[in-house]
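Engineer: Take a look at what Swiss-Prot says about it:
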| type | residues | note |
| --- | --- | --- |
| TRANSIT | 1-29 | transit peptide |
| DOMAIN | 31-310 | domain 'tr-type G' |
| BINDING | 40-47, 104-108, 158-161 | GTP binding site |
| REGION | 408-436 | region 'Disordered' |
| COMPBIAS | 411-424 | compositional bias 'Basic and acidic residues' |
Amino acid sequence: MLRYVYFNGFGMRQGLLKRCSSHILRRSYSSDIRNIGILAHIDAGKTTTTERMLFYAGKTRSLGEVHRGNTVTDYLTQERERGITICSSAVTFPWNGKRINLLDTPGHIDFTMEVEQSLHAVDGVIVVLDATAGVEAQTMTVWSQADKHRLPRLVFVNKMDRPDADFNKCVEDLKSKLETFPVCIQYPAKSNEGQLGIYDVITLEQLNWQQKDLGRSYSKLKLEPSDGLRQLQDKRNELIDQLSGLDDELADVVISTESFDKVSNELVNKALRRVICQQKAVPVLLGSAYKNIGIQCLMDAVNHYLPAPEERNEIYNCFGNELAGKVFKIVHDKQRGPLTLVRVMRGELKRGMRLTCSSGQAEVISKLYEPLADEYREVSVVSSGDVALCAGLKSTVTGDLLTSSQSSLKNAEKRFKQQRHSDGMSEEEDDDEDHHLDGLFDLAPQIPDAVYFCSIEPPSISSQTAMEQALRQLQREDPSLRVSYDSITGQTVLGGMGELHMDIIKSRILSEYKIDVDLGPLQIAYKETIEAPSLTTLSVEKEIAGTKQNVSITLELVKNQSEIFSLDKSPENLQNLNKLRPRIVQVLRKGSISALERGPRVGGQVVDTQIRLHNAIIGRGTADAFIMATAAQCVQKLLSENGTRLLEPIMALQIVAPSERVSSIMADLSRRRAIINDVLPKGDRNKLILINAPLAELPGYASTLRTISSGTASMTMQPCGFSNMNSSDESLAIRRAQGLE
C-alpha cells in the first residue's frame with residue numbers, strides 16, 4: 001500500500017493518508033534528526049561536499065579529496081581508483097544541535113538503482129549542480145526520482161569559484177528543464193581578486209570564508225548602502241513577494257505591514273520552511289566545496305528547512321509504538337558479514353531483538369551499528385526516525401519491512417482498515433485498497449531492465465561455487481545486477497546497466513573475493529515484438545504418475561502496449577471462459593507471460609504484445625504445473641511460427657566539446673546511425689551536441705571521443721527507449737548474438 005499511497009503517488013488520494021494518520025495512534029520521537037540524500041550528475045561535487053560536511057562537523061580530522069583517493073564515503077577500491085561513487089554510503093554527524101544522517105549516492109547512470117534504494121530512506125535531499133554546466137542529464141533523472149518520492153529538496157550550486165561559473169543560468173535551468181520554482185536565498189559576491197563570497201538575501205550580510213583554517217571560520221559583514229545594500233534589499237523584497245504568493249501565513253503578515261522591510265527574518269525562514277516541506281518551492285544556495293566555501297550555510301539550511309522524520313511517512317502511524325523498519329540497502333563487510341541498512345520508521349531497534357521480515361522469516365539482530373561509510377560504531381538501541389546497520393540478518397532482502405512479529409503487522413493492517421471504514425471511505429477506494437492488501441507495506445524496489453548481458457566463467461571448475469556465492473552476495477547488495485542460467489549454452493549470464501557497471505562487478509569479484517573471473521563479450525539487450533496478430537490452439541495429453549493430464553488452449557497474440565494478458569469477451573468464447581475458476585486463469589496467465597521472457601530471434605524479452613485467451617479446456621485432475629507449461633508452449637509456438645522483429649536500445653547522448661572539434665565529432669556520429677537533435681552554445685568556446693544513437697554503435701565510444709577531441713570533449717549517456725531496425729541491421733545483430741561477427 002505504501003508504494004501506491006506514499007512513494008510512487010499512485011492509488012488512493014493523499015487526502016486518505018491525512019485522514020487516517022490524523023486518527024491513528026501517534027508515535028512521538030526526536031525532531032532533531034534529519035535524514036537526507038545528496039544527488040547530482042557525475043562530477044558535480046557530491047562526494048567533495050559530503051567530505052566537507054564531515055570535516056566541519058568534526059567527524060574527520062582532515063579533508064578527504066576525491067583525486068587523492070582518501071574520501072570517507074567513496075571507500076571501495078574501485079571508487080577511489082576511478083574517482084566516482086559506485087555504492088551509496090551512509091554517514092551520521094552532528095550539526096548545531098541536530099543529528100544528520102546523510103546518504104551520498106552515485107551520479108553515473110549505470111548506478112541509478114543505488115539512488116532509487118536510498119530515496120526510500122530519506123526525508124529530503126540536496127541536489128548539487130555544477131555551476132559551469134547547470135542542469136545536466138543525470139540531474140534530470142535523479143530529480144524525477146525525487147519527484148516520485150515527493151521529497152523536499154535544496155539546490156546547492158557548486159564550483160562557483162570557477163571563472164566560467166554561471167549562477168543565473170543554473171537558476172534558469174531549474175525553471176526550464178526541471179519545471180520547478182527556485183527561490184534564491186543566496187547570491188555570489190566576487191571580489192576584484194576573484195575571491196568568492198556569498199550574499200545572504202535574508203540577513204542582508206556578506207559572508208567571507210577564511211582559507212587559513214581550511215574554511216572552518218567565516219565572517220559576516222553587515223552591508224552598508226555603499227556596498228550594494230539597495231540591490232540586495234530588492235532581492236530580499238523579491239523573495240518575500242515570491243513566498244507570500246505561496247504561503248498564506250506570510251501573505252497575511254505582508255498585507256498588514258507597511259513594507260517588506262518590516263517582515264522579520266524569523267517570519268521569512270518559517271514561511272520558507274513551510275513552502276519547502278510542501279514542495280511548492282526549492283531554495284537555491286551556492287558555494288565551492290573544493291574551496292571550502294558555503295558548506296556550513298548548506299548544513300544550516302538542512303537543519304532549518306528540511307523536514308524532521310515525524311513530518312513524513314504518516315502512514316506508519318498505524319504501527320503505534322511497535323517496530324516498523326524499512327530495509328533500503330545491504331552491504332557485505334569482510335569481518336562482520338552482511339550488514340543491513342534500516343530506516344526505523346516507528347518503534348525501536350535493539351541489539352538481540354527478534355524480528356520478522358516480509359517473507360515471514362524470523363531474524364535476530366546480533367549487533368547494531370551507527371553508520372560512517374565503511375566504519376561503524378556499535379550501539380545498543382536505535383530510535384524512530386534514525387538509520388541503523390544491523391548484523392546477523394540472514395533472510396532479509398532490500399525492500400523488506402521489518403516488524404517485531406507477524407501479529408504486530410496484522411494489528412497494524414487491522415488498525416489501518418478500521419480507520420478507513422470509520423472515515424467513511426467510498427466503495428471505489430475500499431476496493432482499490434483491498435486489491436493491494438497483500439502487499440500493504442511492500443517496498444520492493446522497481447528494478448530497471450538490463451542494458452547489457454555477458455557470460456561469466458570462473459577460472460577453474462573448483463572456483464565455480466565460490467563465484468556463485470560472490471554473485472549471490474553482490475546481487476543482494478545490488479538488485480540491478482541480474483544473474484541467470486542459460487540452459488541452452490550452460491553458462492551463467494550477467495545482466496547490467498552499462499559497460500561501467502559490468503566492469504565494476506568483475507573488478508569487485510577479483511578485489512573482494514579473489515576470483516579472477518572471465519567475462520564474455522558484452523551483448524546488447526535487444527527486445528523483440530510480434531509483426532502481426534496470430535492465433536493457435538494447442539492440445540496436450542499425457543499420463544504422469546498414473547494420472548491423465550489433459551489441456552486444450554486457444555491463444556492469440558496481438559499488438560498492445562498496455563495490458564499483457566486479457567480474456568476474449570466475444571459471445572462465442574465468453575461462456576467457456578466464465579466457467580474457468582479464477583485460480584486456473586491465474587495459472588494460465590503466469591505460464592503464458594513466462595514465455596514472453598525469451599523470444600525466438602536472439603532470446604530477448606518480447607514486448608508491446610498482449611496474450612489473449614480465447615478458450616481453455618482443462619481435464620479433471622490436471623496439475624497446475626502441466627497447465628502452466630502448456631500455456632507457455634502455446635505462446636512459444638505462436639512466436640516461433642509467426643516470427644518476431646528486433647527492437648534495439650537507443651541512447652540519448654549529451655556531448656560538450658570545443659567549437660572547433662564539433663565537425664569531426666558529428667562526422668564520426670553520422671557513421672554510427674546517430675540522429676543529431678540539436679547543437680547549442682555552451683559558454684563562450686564550447687558547444688552542446690544532443691544526439692540519439694543505437695547502443696550497438698557505441699561500444700567504447702568514450703575512448704573514441706577522447707581521441708577525436710584530443711581529450712577536450714566530455715559526454716553523458718542514458719537509455720531513452722527502443723526502436724525498430726531495418727533488415728540489414730537486424731541480420732547483423734543476430735549474427736553478433738550468435739557469435740558469428
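The backbone N, Cα and C atoms fix where each Cβ goes, and this holds for glycine too.
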Engineer: Counting every protein chain present, what is the number of Cβ atoms, excluding its own, within 10 Å of the Cβ of LYS46 (GTP binding site)?
Structural biologist: 28
Engineer: Counting other Cβ atoms within 10 Å of each Cβ, which of the binding-site residues ALA40, ASP43, THR105, MET160 scores lowest?
Structural biologist: ASP43
Engineer: Can you tell me the three-state DSSP label for LYS46 (GTP binding site)?
Structural biologist: helix
